[in-house]
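S.K.: Got a structure for you, questions after.
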Amino acid sequence: MRPWTGSWRWIMLILFAWGTLLFYIGGHLVRDNDHPDHSSRELSKILAKLERLKQQNEDLRRMAESLRIPEGPIDQGPASGRIRALEEQLVKAKEQIENYKKQTRNGLGKDHEILRRRIENGAKELWFFLQSELKKLKNLEGNELQRHADEFLSDLGHHERSIMTDLYYLSQTDGAGDWREKEAKDLTELVQRRITYLQNPKDCSKAKKLVCNINKGCGYGCQLHHVVYCFMIAYGTQRTLILESHNWRYATGGWETVFRPVSETCTDRSGVYTGHWSGEIKDKNVQVVELPIVDSLHPRPPYLPLAVPEDLADRLVRVHGDPAVWWVSQFVKYLIRPQPWLEKEIEEATKKLGFKHPVIGVHVRRTDKVGTEAAFHPIEEYMVHVEEHFQLLARRMQVDKKRVYLATDDPSLLKEAKTKYPHYEFISDNSISWSAGLHNRYTENSLRGVILDIHFLSQADFLVCTFSSQVCRVAYEIMQTLHPDASANFHSLDDIYYFGGQNAHNQIAIYPHEPRTADEIPMEPGDIIGVAGNHWDGYSKGVNRKLGRTGLYPSYKVREKIETVKVPHVPEAEK
């Protein structure tokens, strides 16, 4: 008998045991259906564990296949190393079995159930309060009505903050916060590996390429989003992005003088065949494809926002409140890796400004946006939401000072804000405001300023701005890369989040709605609603695609429709 035969039987025994483990867990998942009051969060964690176990089972199978060595001793060489790896996997499996047994035996933690009941009670008490106070308002007039309405809104705010605080703590109980941290980190590392692999082909002369010119006729935030759009198409079509940035309006030396190159091995656009974008299928045999701006893109591929990769969608839905934003943020993260001089600038600015937490970021865009793409918003509109969020933060952390990082292209606003709100500490660099003016916009000093503003806005605990501004949306996107889920860490005074040139943003009705006014539209569960915007008053505006009717509908009666797309990737990128 050959020496490897015994080892092979031993390996088969391990695989059999592993399969038994998967069957055991699967059985538990089925039996858990008899207890519908189990937390959906608990089920998500178990499913995530099962997915990891399946992956490890597949790893073991591949390792076992590789151990089919026809001859030679097994106590040395590659086979020996693989067997030791199998032993380590087995130890990990035993640990996971024990952890799972403890979890299923103990059920949900005490803190989880206490918080769940507190939230349930808080919702009931809020309803009782609303009914009572609104009945009182019916019988009041004049100054008494105004006084009672003000008290009513103040008390309502306390109720809302109480429930939101309990929800925050609930999201952290029973290891959920730790799981979310790890899952977000794992997903980010996976995507960054895939991007890095695609951007660094072994042979640039043979690589399929997509060429993108940075000089779109707009500002920094718009140009960055233009490159992100190019990058997402390159990723979806499995091409290496070639970024042409020589004579960039902001820095004539090009992108690489500010940020790290998008590729270490392939920056040359040359190839056998070159052509303009004609669609993924028609361009299949074209080595180098030039991409137009998104406004002129035809045909439109499915890789545009707000789609996310099909193979990541389930994990993203569990870990993040807005998977589409998270996916966009991964390309922003890769693109804006700073050169050493910029890193130093950011560090020095952080010390000079005294930037520290807690802090809320406020971005006020004036100049060219007002009257064209956005309405004028006084500082008071922003500060209402700043104060509300500081009151919420104070329920779970020590707020020594109410700090606000103020980014604006209006140099007079800092003085106005300090005068009107003396109890706040405003952190701002007025030289950046001056450089953001139209007459100074396309300079290296202006570029430095907008990069610093975006950096500090993204670092804030909460963001108040107008999503009609590209700078604000870039800051929000970067914020997603700094936390497991920062999807709710903002308030926009105008638009909901969008990506310029995106495909349709759809929602799905989960409750029926009968219109009460001519401005509203009817809905039935399952109807697809194309959302145009949120009015931030409990209602959104959109079109019922089944009926073709446009109007208002209650925002709580819909959920986001997650669009997925198959994106190919090579196994080598997973390593």
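Backbone N, Cα and C define each Cβ position, glycine as well.
OK, Swiss-Prot features for this one:
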{"type": "DISULFID", "residues": "Cys204-Cys266", "note": "disulfide bond"}
{"type": "DISULFID", "residues": "Cys212-Cys230", "note": "disulfide bond"}
{"type": "DISULFID", "residues": "Cys218-Cys222", "note": "disulfide bond"}
{"type": "DISULFID", "residues": "Cys465-Cys472", "note": "disulfide bond"}
{"type": "DOMAIN", "residues": "206-493", "note": "domain 'GT23'"}
{"type": "DOMAIN", "residues": "502-563", "note": "domain 'SH3'"}
{"type": "MOD_RES", "residues": "Ser278", "note": "phosphoserine"}
{"type": "MOTIF", "residues": "299-305", "note": "motif 'SH3-binding'"}
{"type": "TOPO_DOM", "residues": "1-9", "note": "topological domain 'Cytoplasmic'"}
{"type": "TOPO_DOM", "residues": "31-575", "note": "topological domain 'Lumenal'"}
{"type": "TRANSMEM", "residues": "10-30", "note": "transmembrane segment"}
S.K.: Residues sitting near the motif 'SH3-binding' (299-305): Cβ under 8 Å, six or more positions beyond its termini, same chain?
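M.R.: Cβ under 8 Å, 6 or more out: 229, 232-233, 235-237, 278-280, 324, 327-328, 499, 501-503, 565, 567.
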S.K.: Pick out which of the disulfide-bonded residues Cys204, Cys218, Cys222 has the most other Cβ atoms within 10 Å of its own Cβ.
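M.R.: Counting every other Cβ within 10 Å of each candidate, the maximum falls on Cys204.
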S.K.: Tell me the Cβ neighbour count for Cys266 (disulfide bond), meaning other Cβ atoms within 10 Å of its Cβ, over all protein chains shown.
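M.R.: Around the Cβ of Cys266 (disulfide bond), 21 other Cβ atoms lie within 10 Å.
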S.K.: Between the disulfide-bonded residues Cys212, Cys230, Cys465, Cys472, whose Cβ has more other Cβ atoms within 10 Å than any of the rest?
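M.R.: Within the set of disulfide-bonded residues, the most crowded position is Cys472.
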S.K.: Which residues does Ser278 (phosphoserine) neighbour through Cβ under 8 Å, counting only same-chain ones at least six apart?
M.R.: Val286, Pro299
S.K.: Is Cys212 (disulfide bond) helix, strand or coil when read with DSSP?
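M.R.: In the DSSP reduction, Cys212 (disulfide bond) maps to strand.
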S.K.: Please average pLDDT over the motif 'SH3-binding' (299-305) for the predicted structure.
M.R.: 97
S.K.: Going by C-alpha positions, which of the disulfide-bonded residues (Cys212, Cys218, Cys222, Cys465) is nearest Cys204 (disulfide bond)?
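M.R.: Answer for the nearest of the disulfide-bonded residues: Cys212.
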S.K.: Could you find out if DSSP has Cys465 (disulfide bond) as helix, strand or coil?
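M.R.: In the DSSP reduction, Cys465 (disulfide bond) maps to strand.
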S.K.: Sorry to bug you, but what's the C-alpha spacing from Cys472 (disulfide bond) to Cys212 (disulfide bond), rounded to the closest Å?
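M.R.: Here the two Cα atoms are 24 Å apart.
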S.K.: Measuring Cα to Cα, how far is Cys266 (disulfide bond) from Cys230 (disulfide bond) in Å?
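M.R.: Cα-Cα, rounded: 16 Å.
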S.K.: If you measure Cys465 (disulfide bond) to Cys222 (disulfide bond) at Cα, how many Å is it?
M.R.: 16
S.K.: Specify the nearest of the disulfide-bonded residues Cys218, Cys222, Cys230 to Cys472 (disulfide bond), where nearness means the distance between Cα atoms.
M.R.: Cys222
